[in-house]
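Database features, via TrEMBL:
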type    : residues              : note
DOMAIN  : 6-155                 : domain 'MobA-like NTP transferase'
BINDING : 9, 10, 11, 21, 68, 99 : GTP binding site
BINDING : 99                    : Mg(2+) binding site
């Protein structure tokens with residue numbers, strides 16, 4: 001068992017974005033590349049995506065590409081986290097989405113500094129707003145997540161309300177911003193030309 005495994009969530013439907021966010025480009029790099037760079041210090045990385053994206057997401061050395069466990073397909077981030085946990089044996093699971101191009105290794109290491117066994121989840125909180133998809137989850141939560149999936153209780157905040165959580169406060173919102181719409185993406189591209 002490794003100490004850490006990273007789970008990059010890239011299986012969302014991207015309805016508001018209108019295209020596949022994981023493979024959208026910024027500065028000649030795929031969005032998912034920024035997430036992978038933020039966790040490249042972690043022993044093992046898993047990308048959880050949809051069946052129809054398997055051939056579109058680049059296959060990289062030391063990165064395992066999987067889909068949600070069959071029983072939980074389409075059940076959102078909890079399904080992705082659980083699926084990643086079933087594919088890698090680790091003490092802690094470093095979780096982040098594929099659509100946060102400013103996320104970086106420094107942030108992830110700051111979260112990792114609190115992985116001492118006292119907490120079940122370490123999550124980022126930016127200006128009072130919890131960011132549960134940029135966090136670290138202990139292996140003890142695997143069965144609790146499975147129970148939530150079985151009961152169709154899919155909200156991350158509901159899971160966290162039943163856990164011992166360490167909130168790590170950050171003030172720079174931009175680093176945690178995710179790109180959800182074409183308009184946000186176009187604004188991001190425009191920033192490059194200013």
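The chain as shown is numbered from 1 upward.
Including glycine, each Cβ sits where the backbone N, Cα and C put it.
Projection of TrEMBL feature records onto the structure.
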residue	record	CB count, 10 Å
9	GTP binding site	26
10	GTP binding site	26
11	GTP binding site	28
21	GTP binding site	24
68	GTP binding site	24
99	GTP binding site	25
Please spell out the DSSP helix, strand and coil residue counts for the domain 'MobA-like NTP transferase' (6-155).
48 helix, 44 strand, 58 coil
Pairwise C-alpha maximum, in angstrom, for the residues (9, 10, 11, 21, 68, 99) that bind GTP according to the record:
18
